[in-house]
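> Questions regarding the structure given below will be posed in turn.
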Amino acid sequence: MKTNIDKELLPMKAHYFLFNAGTAPVVPFMPTLAQQLGYSSVVVGTMYMILPIIGMLAKPLFGYIADRYHRHRLLFLSGQVITGIAFFMIMFVPAIDKPLPQVQFHCHAGVSSIRHCSDHGDCVEKNMETFYGNQTLACDLQCEAEPFMWDIVCEDWLKNQTENCAANRTNPQLNFSTSINMKDIVEEADCLFFMIPQDRGEVAGQSVPLYCPAGKQYFNASCRMDCHDDYLKEQLSESPVINTMGAMAQPQFWFFFGMLIISWIGMAVVVSIGDAICFGILGDRHHLYGKQRLCGSLGWGIFALLAGVLVDHMSKGSANKNYTVVFCMALVIMGFDVLASSKLKVTQTHLSSNILKDVGQMFLSLRCVIFFLWCVAIGLGTALIWNFLFLYLELLDKQYMGCDSSIKTLEGLVMAIQCFGGELPFFFLSGWILKRIGHVNAMSLVLFGFGVRFILYSMLQNPWYILPIELLNGVTFGLFYATMASYASIVAPPGTEATMQSLVGAIFEGVGVSMGSLIGGILFNGDPRTTFEIFGIAAFIIFVVHVSIQMFLQRNGSTDENGKGRVSSGSASASTSSEAAKPKDTSEVRSIKKPSNDGFSDVDLS
């Protein structure tokens with residue numbers, strides 16, 4: 001039997017694939033990049049609270065403009081261009097200058113050393129031995145000095161050869177120079193000891209032995225060390241943790257955040273108008289939306305995994321990850337998306353005479369209000385996964401994996417499994433699932449899936465054990481997104497499709513994801529594991545409440561298994577002449593057959 005393929009849908013499939021392929025290398029890594037730049041989890045949460053609000057405002061605004069002025073194609077392509085350029089510009093965000101490394105200078109019983117402790121001392125030692133070999137570095141130390149330390153400097157280092165040396169006993173700072181050989185490093189626990197030969201010292205321009213007798217007080221000074229070497233500074237310096245007020249005072253923060261805002265607006269426009277274009281092409285076959293959207297999961301999974309592997313490969317031997325490749329990938333792939341999307345056929349068979357009034361009536365419907373609240377609840381959980389899951393994995397990675405870390409590869413695998421093992425099959429089967437269990441039961445299933453997923457996260461020890469858990473992404477995102485988009489298309493009055501998709505997306509991200517980012521950022525700053533426990537328990541509670549409400553409504557005849565209101569004989573109200581031609585209840589909208597001249601054909605494989 002010959003398979004019929006709707007060629008009109010091929011550009012739509014190409015768009016979903018390329019758009020997700022272009023955003024996958026950048027979007028998931030932005031919270032970890034922000035943390036690498038030194039911003040605290042509260043700052044990350046605050047940024048990702050504001051970004052969805054920007055999207056909430058942008059989606060309905062541009063959706064309304066698209067519907068009102070028939071500018072779907074222009075806004076759609078412009079959004080793609082803006083997104084690609086904004087992502088690429090993030091590559092030029094200047095790094096925050098790290099302070100000089102904090103070390104301890106030890107001198108006693110004829111042994112001198114410089115001690116540096118960190119959470120990944122073994123990794124630092126391996127990196128430096130590989131990078132430097134047998135190289136020797138000259139370093140200047142600025143140490144906090146006590147009076148007895150000056151006694152040792154004057155009597156045992158300078159041998160009382162410098163006039164008025166003892167007068168420095170009141171000086172709180174001691175400056176001297178020495179040299180360290182990268183082969184003379186001793187590792188103990190999480191600390192590195194740079195051993196210093198006694199003859200390698202210089203004080204006030206004089207070469208001196210850094211010798212401290214056993215009979216005198218232990219010389220242990222806190223110092224800042226400057227070896228005039230960027231790589232050593234990168235390895236030994238800890239990134240400063242910048243709070244909200246500190247971030248707001250930095251120009252580079254506003255450049256970074258500004259590019260995120262612009263890219264978020266671009267993505268909001270592309271996603272909302274793109275879905276409206278897709279449903280316009282599908283016509284009555286809105287249940288086939290998942291089959292189009294699964295192409296996006298395919299692009300996301302492939303290029304997220306590729307990006308993770310490339311970042312790890314390009315960051316070998318470095319204390320920080322090098323994200324240059326992901327920004328270049330985003331720009332190039334988004335360019336191809338613009339070319340593919342220019343082939344789309346944009347159609348709209350109806351135009352509402354009063355878009356805002358028609359969409360506003362949705363808030364008077366109990367089933368729509370429950371649907372909107374469900375979108376908010378899902379947004380709360382989604383925010384924790386989108387913005388804090390990788391930060392959680394990197395904490396586990398430091399605790400359990402040590403130096404043998406390929407965290408970006410793991411994060412790429414996480415996204416690949418989310419797509420190929422979770423989203424892909426559920427997007428493909430979403431039409432069948434929604435027909436079998438209905439939209440309302442699908443909504444309850446999504447809530448239950450979030451509860452299970454978060455509780456399993458809270459039990460993680462080895463970060464690599466997360467991989468099988470990510471199969472649940474098929475329920476928590478694949479089934480969710482298909483349900484949300486399909487239900488929004490069903491209840492949307494004719495001519496408001498783009499506005500309705502934008503509104504639902506705005507509620508999901510602008511309210512749900514925004515609130516979840518702020519709450520998650522505050523809780524995550526305390527105890528990440530407990531944060532996932534709290535969100536998991538909350539998801540189970542909301543699941544029980546949602547099931548109870550829907551059972552009550554169905555028992556009283558208010559809705560059916562798809563959440564559709566049952567119309568009574570007295571439910572229709574008077575309407576204007578412009579409204580008389582359309583169904584009195586928006587649940588009947590999709591019973592209207594699209595005109596045959598739209599070019600739609602009945603096919604099995606779309």
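Using N, Cα and C of the backbone, Cβ positions are placed for all residues, glycine too.
Model, not experiment: these values are computed from the prediction.
What TrEMBL records for 11-533 is domain 'Major facilitator superfamily associated'. Residues or ranges marked as transmembrane segment in TrEMBL: 37-62, 74-96, 253-282, 294-311, 323-342, 363-393, 413-433, 440-459, 471-491, 503-524, 530-549. Summarising the annotation, TrEMBL assigns region 'Disordered' to 559-606. Among the features that TrEMBL reports, compositional bias 'Low complexity' is placed at 568-580. Positions annotated as compositional bias 'Basic and acidic residues' by TrEMBL: 581-591.
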> For the transmembrane segment (74-96) and the transmembrane segment (323-342), decide whether they are in contact, meaning at least 3 CB pairs lie under 8 A, counting pairs 6 or more apart in sequence.
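Counting Cβ pairs under 8 Å, at least 3, so yes.
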> To the transmembrane segment (253-282), which of 37-62, 323-342, 440-459, 530-549 is linked by the most Cβ pairs under 8 Å?
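It is 37-62 that shares the most Cβ pairs under 8 Å with the transmembrane segment (253-282).
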> Mark yes when the transmembrane segment (37-62) and the transmembrane segment (503-524) have three or more Cβ pairs under 8 Å (sequence separation 6 or more) and no when they do not.
yes
> Residues sitting near the transmembrane segment (37-62): Cβ under 8 Å, six or more positions beyond its termini, same chain?
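Apart from its flanks, the transmembrane segment (37-62) reaches 31, 75, 79, 93, 95-96, 239-244, 247, 252-253, 256-257, 260-261, 264-265, 267-269, 271-273, 379, 383, 386-388, 391, 499, 502-503, 505-507, 509-515, 517-522, 524-525.
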> What stretch in 294-311, 413-433, 530-549 has the biggest tally of Cβ pairs under 8 Å against the transmembrane segment (440-459)?
530-549
> Taking residues 6+ outside the transmembrane segment (294-311), which of them lie with a CB under 8 Å of any CB in it?
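Non-local partners: 13-14, 16-25, 28-29, 321-323, 325-326, 329, 333, 408-413, 415-420, 423-424, 427-428, 478.
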